[in-house]
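Feature list (source: TrEMBL):
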{"type": "TRANSMEM", "residues": "23-47", "note": "transmembrane segment"}
{"type": "TRANSMEM", "residues": "53-75", "note": "transmembrane segment"}
{"type": "TRANSMEM", "residues": "87-108", "note": "transmembrane segment"}
């Protein structure tokens with residue numbers, strides 16, 4: 001949970017670098033919350049015969065999605081910075097079929113060792129220069 005809160009504390013910080021752990025823990029918790037809201041919606045639909053039972057979870061999901069867009073973009077860009085890539089590489093996701101696969105590969109790559117143009121290695125290793 002600390003990784004999720006760290007990303008939220010850096011709400012619109014598009015500078016610097018984000019470790020793989022920071023990015024993927026945020027993504028995992030984000031998916032868990034989203035699936036939790038969807039399960040709640042399904043349970044409400046099963047329990048009640050009220051046709052509007054899905055409205056509250058739908059509103060919750062919409063508000064949560066809107067609240068998480070900026071931190072999600074920020075941590076993705078910082079993660080790309082950690083692999084020594086510009087945040088503009090995020091737009092490769094719009095290329096059909098190949099784009100999402102390429103972005104996934106970029107996001108699971110090991111950190112660029114040492115300091116790069118986006119800052120020091122967030123792991124704190126290999127930061128020395130000769």
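We number each residue from 1, going along the chain as drawn.
Heads up, the Cβ atoms here are built off N, Cα and C, so glycines get one too.
All TrEMBL annotations are machine predictions without curation.
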Beyond the flanks of the transmembrane segment (87-108) by at least 6 residues, Cβ under 8 Å: 14, 20, 23-24, 73, 76-77, 79-81
Tertiary contacts of the transmembrane segment (53-75), as residues 6+ beyond its ends and Cβ separation under 8 Å: 7-8, 10-14, 18, 22-23, 26, 30, 33-34, 37-38, 40-41, 44-45, 47, 90
